[in-house]
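**Student:** Pasting in a structure now, in structure tokens, and then I'll have a few things to ask.
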Amino acid sequence: MGLNHLTLVCSAIALLSIFVVSQAGVTSTHVRVSEPSEEMPLETFPPPACYNAPEQVHITQGDHAGRGMIISWVTPLNEDGSNVVTYWIANSDGSDNKSALATTSSYRYFNYTSGYLYHATIKGLETLYNYMSNPKGQAVLFAGDLSYADDHPNHDQRKWDSYGRFVEPSAAYQPWIWAAGNHEIDYAESIPHKVHLHFGTKSNELQLTSSYSPLTQLMDELKKVNRSETPWLIVLVHAPWYNSNNYHYMEGESMRVTFEPWFVENKVDIVFAGHVHAYERSERISNIQYNITDGMSTPVKDQNAPVYITIGDGGNIEGIANNFIDPQPSYSAFREASFGHAILEIKNRTHAHYTWHRNKEDEFIPEAVIADSIWLKNRYYLREEETS
């Protein structure tokens, strides 16, 4: 994928804001007005009316080199031709059509029977100039907690179908790369499945399973990243490692203690997390000299460390997390109890511009408001420079 301009939209989704500034950072006094959280009924996104029409179409990156794409969709029936994807070069006359066969599966879960699930991998793709210059964003990063099906009896799988239709207008046209959250953990009716954790970078996605040492997998995966081809190293987790909100405080600590030294050593640029339903951005800090068990140790600024961004604020049925710790810790640069989304524009191999947008809340605010922004400098190429 071209490096001249890459845009990532991150979500987990007052005209004048007043900020409280401390030695630590900024705590926005803007708090989203608490309103009843109403879940959309299943009928809001019904199945398509056409016979055996594909639905819930979504794409995600399909290889480590950025030249593959996985196309996924669902149909009610498994008929001849339902498992074939036809594709061609953009702006061509269609005479060079190619096709890819998809794997097919279905499943039962309590009293639910799925449609037929298809996954086709297209390989050997080239990046076109009109795609590289697309201002709409080339990928969406989602840090977990998607449909909240697990909040319903028997983890109502119809919610996944409804969610798939809901996001299709975006997910069918730009790759979504997501981490699995706690709301994605489903269990068999009697025996729990193995827990999965997902890590992603710009050019790949790593799935960690309990059958293989996550640390060993992470070490192996980080060694594969060629920073001359993939200058920016971005990681997705679900539970944040640096979180100054009383909600889910220090729930990611055991993971941080295990993995953080490797993130610093390999100069990871950004770590995005969800889980906490608010927004927070850290300084470049590390705590690799400590093994925190009581929360009393203090992280230090470290220009080899990532910026940690909690962006679990994309909207949900559980409400906003508006209980920040006071005083604001020194590692916290900016935090706000609102819903929003972020845009990361990778300008080149050394610089990226990051903005966090507070979602529109009422009719008097015409669009999302940029409440936080920062220029980021690549840790691999500009490792000794300050980031702001």
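Using N, Cα and C of the backbone, Cβ positions are placed for all residues, glycine too.
Keep in mind that what you see is a predicted model, and the values were worked out from it rather than measured.
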**Student:** Record says H275, V276, H277 bind substrate. Source is Swiss-Prot. Which of N111, N154, N182, N378 does it list for that same site?
**Tutor:** N182
**Student:** Can you give me the Cα-Cα distance between N182 (Zn(2+) binding site) and H277 (Fe cation binding site) in Å, rounded to a whole number?
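**Tutor:** One finds 13 Å between the Cα atoms of these residues.
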**Student:** Using Y148 (Fe cation binding site) as the reference point, find which of the recorded positions N97, H238, H248, N348 has the shortest Cα-to-Cα distance to it.
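**Tutor:** Closest candidate to Y148 (Fe cation binding site), judged by Cα separation, is H238.
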**Student:** What Cα-Cα separation, expressed in whole Å, is found between H277 (Fe cation binding site) and N111 (N-linked glycosylation site)?
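**Tutor:** That comes out at 32 Å between the alpha carbons.
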**Student:** List which of the recorded positions N111, H248, V276 have their Cα within 10 Å of the Cα of N348 (N-linked glycosylation site), in sequence order.
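**Tutor:** So far as Cα distances go, none of the recorded positions lies within 10 Å of N348 (N-linked glycosylation site).
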**Student:** Quick check for you: of the recorded positions N97, N111, N226, H248, V276, which have their Cα within 10 Å of the Cα of H238 (Zn(2+) binding site)?
**Tutor:** V276
